[in-house]
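A.B. asks: So TrEMBL says this about it:
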type	residues	note
TRANSMEM	45-63	transmembrane segment
TRANSMEM	83-105	transmembrane segment
TRANSMEM	112-134	transmembrane segment
TRANSMEM	140-163	transmembrane segment
TRANSMEM	175-195	transmembrane segment
TRANSMEM	207-229	transmembrane segment
TRANSMEM	241-260	transmembrane segment
TRANSMEM	300-323	transmembrane segment
REGION	335-365	region 'Disordered'
COMPBIAS	335-347	compositional bias 'Basic and acidic residues'
Amino acid sequence: MQTYLLSQQFNSRSSAENSTACPANATICDGTSCVLLEDDFNQTLSVVLSTVLTIMLALVMFSMGCNVELKKFWGHVKRPWGIFVGFLCQFGIMPLTAFLLSLIFSVLPVQAVVVLIMGCCPGGTASNIIAYWVDGDMDLSISMTTCSTLLAMGMMPLCLFIYTKMWTDSNAIILPYKNIGLSLVALVIPVSFGMYVNHKWPSKAKIILKIGSIVGAILILIIAVVGGILYRGSWTISPKLWIIGTIFPAAGYTLGFFLARLAGLSWQRCRTVSLETGMQNTQLCSTIVQLSFTSEQLELMFTFPLIYSIFQILFALLILAGYRVYRRHRVKTNTDVEKTEEKEDSKSTSSHAKINEGFVSNETK
């Protein structure tokens, strides 16, 4: 990242360090925002939470795998039209949307880069949990998450090379391939065991799935607040990043749904593709940002992945609530129609019986 771009933002740093607006142990401070050194408590909390979340996530993905049928999963791999549509959404729509939002709001170069990194990340595993709750195609959801994580090895460098040229050198961005590989392993192994359990013991798999779906919902809420616990810095950052962090996931959900519908996918798969598009791997984005930028640069961007994570979960919960209301209304409407039809049938049968001198067939008794 070119240093002259940051000199204008930190020309008053010497005077700000003496300000009482930030604590004395702040690594950087401009009077309105600060980043603090990690203390022993923060490091311990980070390790404990990371371990607990990793174990919980593995168990949840195991339970999600209990809802995946091997034949249907393999069917998506052999006829990957749904996966291809998801690929276009993940590495076509999301990076382009990030690029356009950065241009429209005229953010600083370092901020534009973090928005683009978020847009180029693969789908997150939280999408699989929400997809289950909205009656999505779990076979497609798991296969899309797996493929996007695998393809991210090549597509992330390509997308970053294309879209970040006007702001920075893409070689300055360090991609943690080890983390991407670990994410892939953490997804594939538990899901594979879940698929095996579903194949061997379908009745037990249903019980595991119900428990796992509840744990998964709790896990999503925990992830939403973990970032806020680990960061002890100020939330006073550019309002533009707040606006982008709000619009970006909503645009991903909406555009993913409409592209899937234009591609001729069913409503069930449209919901699945929408969730897979809007829900990004924000943990991976945070890792890339921390590896690639200096502490001065992080002061301008370090909370954006957390902002995106909060709003992507918030919009996903709104989608879930809307779908549940729609489903309940549809079931109620269908029940009323069936009752009306039954009454009409009974009336017609009764009148028919009177015409035929009281004879009623055994089927109507």
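A Cβ is built for glycine as well, from the same backbone N, Cα and C atoms used for every other residue.
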A.B. asks: Same-chain Cβ contacts of the transmembrane segment (140-163) under 8 Å, 6 or more residues past its ends?
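C.D. replies: Apart from its flanks, the transmembrane segment (140-163) reaches 64-65, 68, 73, 76-77, 82-83, 86-87, 90-91, 95-96, 98-99, 116-117, 119-125, 127-128, 131-132, 170, 173, 175, 177, 180, 183-184, 187-188, 191, 269, 272-273, 275-276, 281.
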A.B. asks: Give the one range among 83-105, 112-134, 300-323 whose Cβ atoms make the most pairs under 8 Å with those of the transmembrane segment (175-195).
C.D. replies: 112-134
A.B. asks: So if I exclude everything within five residues of the ends of the transmembrane segment (83-105), which remaining residues of that chain have a CB under 8 angstroms from its CBs? That is, six or more out.
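C.D. replies: For the transmembrane segment (83-105), the list is 76-77, 111-112, 115-116, 118-120, 122-123, 140, 143-144, 147-148, 151, 155, 159, 162-163, 167, 240, 243-244, 247-248, 251-252, 255-256, 259-260, 263, 265, 273, 276-277, 280.
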